[in-house]
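K.L.:
Annotations per TrEMBL:
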type	residues	note
ACT_SITE	His115	active site, pros-phosphohistidine intermediate
BINDING	Lys9, Phe57, Arg85, Thr91, Arg102, Asn112	ATP binding site
DOMAIN	1-136	domain 'Nucleoside diphosphate kinase-like'
Amino acid sequence: MDKTLLLIKPDGVEKRVVGKIISMVEENKFYIKDIKMKKWSREEAEGFYYIHKGKPFFERLINFMTSGPVIGLLLEKENAVNDLRKLVGKTNPKEAEPGTIRALFGTNVTVNTVHASDSEESAAFEINYFFNEQES
Ligand code: ADP
Ligand code: MG
């Protein structure tokens, strides 16, 4: 079965919409294989978002992603990656399709409530990064 990673970002936890997001995920037939809450260090957040290093919004993104805990959900479903991206909506909540998680709960292009893997390759990297971290 296809796997993908959903992260509920710090604003999702702060806004008390974790339950609503999990309900949407389950109503859309995703199966929750694993779940974990974690507060990232800067180093951990930078490693997850390594692909964006050097972009103008990188510092803002890392500051935001380390401002509070995140919740990772390992999700299973046929066509999981594409179906979750559809449920999450566009990066900018103001452009996200009505009814999507970001349209409903997002604040702006940085503070957009959730992350979803964008390909099978990034899903494999991100799931391993989030759930199989080595104890240091
Ligand atoms: P997505 O999360 O939709 O895959 P990206 O991979 O392009 O979007 O960006 C990763 C995250 O970086 C976004 O979810 C958002 O939090 C932040 N971000 C992206 N683009 C911008 C931008 N232009 N300005 C500020 N923050 C941004
Ligand atoms: Mg992305």
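Counting begins at 1 with the first residue displayed.
Using the three backbone atoms N, Cα and C, a Cβ is placed for every residue, glycine included.
Locate each feature and note its surroundings.
P.N.:
A 10 Å cutoff on Cβ-Cβ distances gives His115 (active site, pros-phosphohistidine intermediate) a total of 20 other Cβ atoms nearby, all chains included.
Around Thr91 (ATP binding site), taking its Cβ as the centre, 13 other Cβ atoms fall within 10 Å, counting all chains. Annotation note: Thr91 (ATP binding site) sits in a coil segment as assigned by DSSP.
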K.L.:
Looking only at Lys9, Arg85, Arg102, the binding-site residues on record, which one has the least crowded Cβ, with the fewest other Cβ atoms within 10 Å?
P.N.:
Arg85
K.L.:
Kindly assign Arg85 (ATP binding site) to one of the three DSSP-derived states: helix, strand or coil.
P.N.:
helix
K.L.:
Which binding-site residues out of Lys9, Arg85, Thr91, Asn112 lie by ligand 1, going by a Cβ under 6 Å?
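P.N.:
Those binding-site residues that pass the cut-off, since their Cβ is under 6 Å from ligand 1, are Thr91, Asn112.
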K.L.:
Among the binding-site residues listed here, Phe57, Asn112, whose Cβ has the fewest other Cβ atoms inside 10 Å?
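P.N.:
So among Phe57, Asn112, the binding-site residues given, the one with the fewest Cβ atoms within 10 Å is Phe57.
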K.L.:
Through the lens of DSSP with three states only, how would you label Arg102 (ATP binding site)?
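P.N.:
DSSP assigns Arg102 (ATP binding site) to helix.
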